[in-house]
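So that you can see what the record holds, here are the features copied from TrEMBL:
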DOMAIN    B:28-224  domain 'MacB-like periplasmic core'
TRANSMEM  B:261-282  transmembrane segment
DOMAIN    B:263-388  domain 'ABC3 transporter permease C-terminal'
TRANSMEM  B:303-323  transmembrane segment
TRANSMEM  B:361-383  transmembrane segment
TRANSMEM  B:404-423  transmembrane segment
TRANSMEM  B:435-454  transmembrane segment
TRANSMEM  B:487-508  transmembrane segment
TRANSMEM  B:732-759  transmembrane segment
DOMAIN    B:737-857  domain 'ABC3 transporter permease C-terminal'
TRANSMEM  B:786-810  transmembrane segment
TRANSMEM  B:830-853  transmembrane segment
Ligand SMILES: Nc1ncnc2c1ncn2[C@@H]1O[C@H](COP(=O)(O)OP(=O)(O)OP(=O)(O)O)[C@@H](O)[C@H]1O
Ligand SMILES: [Mg+2]
């Protein structure tokens, strides 16, 4: 929130000939098959495709959670194929924020603590992190839930907490995998509008995977995958 | 659900699950196996010692209905004939025994038995192997004997050979007339025994006209009138009693020791129980969804409960089977170690190698299964409560991690509070059941307290951890603070082992210090002398008149403190009655007083107007200062006020001390004195003012050797005291091995618990990674969690151990053995030992830290 990502001369995400092949025992499963993708700063890309088409695989690669089998992948200026694990950790801390289908809040931490977590992990000063976290939580409409544990929240509230958490380190890129998958359509709508707003008024680049069409109206681009290939 | 379907369901759901995660199951089964192996081998070893003792006693007792003895003295042989002449008596036979040793000392001292081969035939089977006329040679040819094959082999002799044997009264050559049949007599003293004719025996030992006891077979064993008639016939100092009272008394001593070891070894199994608990609980939690699906498909909650209890039993059973091969080498070692300890401390036993008693195997199997099932009950009950609706919820696969709450603080405190009451329950048959129940109440109570303690510890330490060690340590603190009962209860395994360590260390330390003080105060003296082998022969031999005269002559160089000791029984409690010359002894040493006024007690000991009893005697018999001690000893009727209770750590029962001059007067008055002084031992105290102490001692020793040769044995006071302390240390070797094993199982427990908690939280760890946690941060978090868990286990273990040590010193020892010690905490030991345990437990968790990063964080996106 402190600084808006400056419009890059280069695209924020560049994937060329990107493949991810899984080896489960002897069988070889193609998760992603020679994908080329460019996402510019400020875009909101919606990934679509049937189950098993490779959406999560692509997001995991973009988030630096997984490494490609072959091809080229640059995200926010970092070559994710060659990056050291220290560089990847730094990348995950500063460049991307992740939102998951099943929220993945730490059950033992309160809303505030969950949101603070990435900031603390990144080594920022606690008072500063707290200040940012409070602001984001307020913005997500969770001011009254600050000290609640995840177990005490509704699904929508949990996902909004997760979004605040993804934003705490002010990353230029937000990645969301089925963020509405575990929510009813009302709550799903709220979450999608939040992400769209972050994209529009805060200039975040958003890549989200979804089955539904709630996000279609806000997308700057819709990318369709089938069997790991872009179609 | 049909019954036949259950095993299949169990196989589907459980065995396949185990196959997917073999590591944890192996750790748990191994832990249980170690526990079961220790328990089983200790029980088997104890059983071997008890059996050896019983067999030996039975072989000696034979088929007698009643025996005639004279407590503290020998029975005149003439009574054999007089009793045989009675109508009530069907048969009577004299019996004598003494420990002797071969001149070359190839064998340790062994039991020589003197019998009348013909009279004895109806009591015992002394048959010579392959010869029914066993006794003939013994009677017709003097100084012949029969011995067991084992003894012959040890002595390197065969039939017809000569062997020279030593006894306090001298040395004599015997001819081996034959080998004793293995049956009946082979069992005697573990096969170290020989039999001679009574006349030979009496000549050899200088006991002509005397026997140890007369065994009787009655015509009407049930007739109390006959028994009354015999009682009336016998003079007052001859006692008619049931045979085997020595056996009962010996078994009483052994049982207390057996119970102690059993409980100690059971702790390892108990610690293994925490392992089963944590694994079943993990499985129940991670299969929550599966359980919900099962329930929604029509399984009853009872069968879900059974499913998880069966799982506990399954681990228990596997562990028990693995325990057998694991336990085999352990059993060998235990049988030997326990046998040696029992022989040194209580009664001589020579346990056979290894008897796989089906009864003991069954006890250990049932024990293991009960423990395993109990461990699974709570998680199974939790699983039973799963709602079938959860099968429908999309992401309900995960447990609801709410605030774990305080945990069962009230039941925990109630259990801990119950310890006081339990420990005060009277022991039954010498076994401190109440004390042992209290021990486990302590363990369980403190374990139940651990959720609360973890919560406090995690919460209070988290902010400091954050400030000093960063966010990883902070997260660890938070996660520990909210860890559920599952993690908390498994802290119990470490807690139990640490508590045991603390308590045993304090107990042994206090025990040793007190024994040390006792040894230096009471077992004082520069030189101890007694007729040869007198200790083994229960001080039955006294110095001859000329020996006494010479000893008195030596008293010009050093103060001489004579004493005489009798081995007796007081209501089934073996005890020693010791008379000593207090006027000579008090200037040099004293007692460690427990009760009574030392000054006045000393006065009445000097005057011979009262006696003091050992703590063991007082506690076991229930007599104390002010009450009277009454017994008939060596023909003397004693009725004395007890003027003091003192510490004494002879393990063979209690002790009563009385004045030697006064006892001599009583013997004299009763016309029983056999010679001017009846001493069974003396101590020399070199006078303080003698400059050349070592020289004086050496001169005394030289004189003893020159004049008495091998008929008198002596030992320097320092050597004797060192020997006592060494025996003490050896005795506790087994204890510390058992303790060490419990600690190993506990370390396994901590490692499993952590592994379980790590695996279970893979989502959480991956999330951390996705949010920018570095590998180092995540490792450090797990490391901190381990440290906090171990710290909680140690702190609780320390507290529990302090409580347990008090229970051990003042409760269990008192009830089991009758003694207490001066309580003393050896803080210095803990200063190095507790950090060491901490380090070891932490080291055990290192592999787990690595485990944390095994999975790729991308798995997150596939998690539902
Ligand atoms: N760790 C893995 N090991 C083996 N195969 C995998 C792994 N992860 C994904 N796959 C395979 O890769 C393919 C793409 O999976 P991915 O999870 O990316 O699909 P998706 O589009 O996210 O589907 P959904 O909409 O169901 O989430 C699938 O065929 C899947 O089975
Ligand atoms: Mg997916």
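Using N, Cα and C of the backbone, Cβ positions are placed for all residues, glycine too.
No curator has checked TrEMBL annotations; they are predicted automatically.
The DSSP breakdown of the domain 'ABC3 transporter permease C-terminal' (B:737-857) into helical (H, G, I), extended (E, B) and coil residues amounts to 101 helix, 0 strand, 20 coil.
For the transmembrane segment (B:404-423), the residues of the chain that approach it from at least six positions outside its boundaries are 434-435, 437-438, 441-442, 444-452, 455, 482-485, 488, 803, 807, 811-812, judged by C-beta separation under 8 angstroms.
Residue counts for the domain 'ABC3 transporter permease C-terminal' (B:263-388) by DSSP state, with H, G and I taken as helix and E and B as strand, are 106 helix, 0 strand, 20 coil. Proximity of the transmembrane segment (B:732-759) to the transmembrane segment (B:435-454) is not established, fewer than 3 Cβ-Cβ distances being under 8 Å for residue pairs spaced 6 or more apart.
Between the transmembrane segment (B:261-282) and the stretches B:435-454, B:786-810, B:830-853, Cβ pairs under 8 Å are most numerous for B:435-454.
Packing against the transmembrane segment (B:435-454) from elsewhere in the chain are residues 259, 263, 267, 270, 274, 404-409, 411-416, 418-420, 422-423, 425, 427, 480-481, 483-485, 487-489, 491-492, 495-496, 499, 788-789, 792-793, 795-797, 799-800, 803-804, 807, 811-812, 815-816: each is 6 or more residues past its ends and has a CB under 8 Å from a CB in it.
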